[in-house]
Amino acid sequence: MSAPLAEVDPDIAELLAKELGRQRDTLEMIASENFAPRAVLQAQGSVLTNKYAEGLPGRRYYGGCEHVDVVENLARDRAKALFGAEFANVQPHSGAQANAAVLHALMSPGERLLGLDLANGGHLTHGMRLNFSGKLYENGFYGVDPATHLIDMDAVRATALEFRPKVIIAGWSAYPRVLDFAAFRSIADEVGAKLLVDMAHFAGLVAAGLHPSPVPHADVVSTTVHKTLGGGRSGLIVGKQQYAKAINSAVFPGQQGGPLMHVIAGKAVALKIAATPEFADRQRRTLSGARIIADRLMAPDVAKAGVSVVSGGTDVHLVLVDLRDSPLDGQAAEDLLHEVGITVNRNAVPNDPRPPMVTSGLRIGTPALATRGFGDTEFTEVADIIATALATGSSVDVSALKDRATRLARAFPLYDGLEEWSLVGR
């Protein structure tokens, strides 16, 4: 019971050490990834992993829950305070599980769901045909304007009036602009639909007051905790009190069994951090960094190489890059940046002609680097490395760019001293 991981399972210990090295020495720019604080890692690696706690605080189906009840209540209260919500459920294991529970609570199988088309930046759980949301419900979709790549709310309204959905989802996985939540609310009211906002990507910006909050407009709001919120991988739900009973029942027993109390403890810690001035400063640097990258990728030397930025910029933490006129496709561009020490993900652009495993675009995010401490100076350097790689293509001097990326990474140490307290230690 007391032997360290390196002794019990040296194979896993070695892989953890290698992954720590990768995270330290490269620039993480996948928009949905971040670095959980040490305090969150400690909470999630705690003895709470041993505790079963089916039910809600004060209404458990197991004994011995006096301490985990307090943990969950702290997490719920912090979520409500942070987002100005009437109720919170912090038990969903993920953002996808949160969406499943909300739809379970608000709809019945066969009823109509309207969401952003996956090909235009939507998420799998917003009606993709192979996902549960595409199998259980009848789906309609809205998209972006082919010319501006922006969501046209008049078009959304026209679609909603024709389709008459039971639930409208406002949210995205790859859309670089702020949504008009008031307009979505108006449309939902006009057609008699409930409004679910999926703020998984921009919840941290909302918490910092740097992005409009969907909470006053939505019936229910779902989110992850690990993207811009910067906690551990998990989900939560906030919203109006009138939906609390239905959503609590949809989470348990509708979708899940026992909650992961160690993960809920990590959520509580992350939510406490998200209420601090330091967190707000990190979100400001996240936004500024994304704008710096977008501006650099729209410069003439990059545009000449056939690279463009979807919608002509960004309002959030990510930049969506269009490579349709470039010699590079999304896979090739992802691989090239990987070689120079920058991790991004290939991503479809609106109405992408290439298959999903190749794509014609990149999604580039700034949250993880802002968490490391990057500011405008560092983001300007990162932007130039990316721009040089994409504009030059396969003939670029990979070694020179990798040296620049590595110097940046090592200037901002990540998890300094982690080996001394973690199970990875030798």
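Even glycines carry a Cβ here, placed using N, Cα and C.
The feature (6S)-5,6,7,8-tetrahydrofolate binding site is assigned by Swiss-Prot to LEU118, GLY122, HIS123, LEU124. Under DSSP, LEU118 ((6S)-5,6,7,8-tetrahydrofolate binding site) is assigned to a helix (H, G or I) in the three-state scheme.
Look at Swiss-Prot and you will find LYS227 tagged as N6-(pyridoxal phosphate)lysine, backed by sequence analysis. All protein chains included, LYS227 (N6-(pyridoxal phosphate)lysine) registers 27 other Cβ atoms within 10 Å of its own Cβ. According to DSSP, LYS227 (N6-(pyridoxal phosphate)lysine) sits in a coil region rather than a helix or strand.
Of all Cβ atoms in the shown protein chains, 26 besides its own fall within 10 Å of the Cβ of HIS226 (site 'Plays an important role in substrate specificity'). Positions annotated as site 'Plays an important role in substrate specificity' by Swiss-Prot: HIS226.
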* Does anything in the same chain, at least 6 positions from LEU118 ((6S)-5,6,7,8-tetrahydrofolate binding site), have a Cβ under 8 Å from its Cβ, and if so what? -> LEU124, HIS126, GLY127, MET128, ALA348
* To do: For HIS123 ((6S)-5,6,7,8-tetrahydrofolate binding site), write down the residues of its own chain that are at least 6 apart in sequence and whose Cβ falls under 8 Å from its Cβ; none is a fine answer.
  => ASN99, GLY115, LEU116, GLY171, TRP172, SER173, ASP198, ALA200
* Asked: When the number of other CB atoms within 10 A of each residue's CB is tallied over all shown chains, which of the binding-site residues GLY122, LEU124 has the maximum?
  -> GLY122
* Structure fact -> Residues sitting within 8 A of the centre of the LEU118, GLY122, HIS123, LEU124 CB atoms ((6S)-5,6,7,8-tetrahydrofolate site), not counting those, run GLY115, LEU116, ASP117, GLY121, THR125, HIS126, GLY127, MET128, ASN131, SER173
* Structure fact -> LEU124 ((6S)-5,6,7,8-tetrahydrofolate binding site), DSSP three-state class -> helix
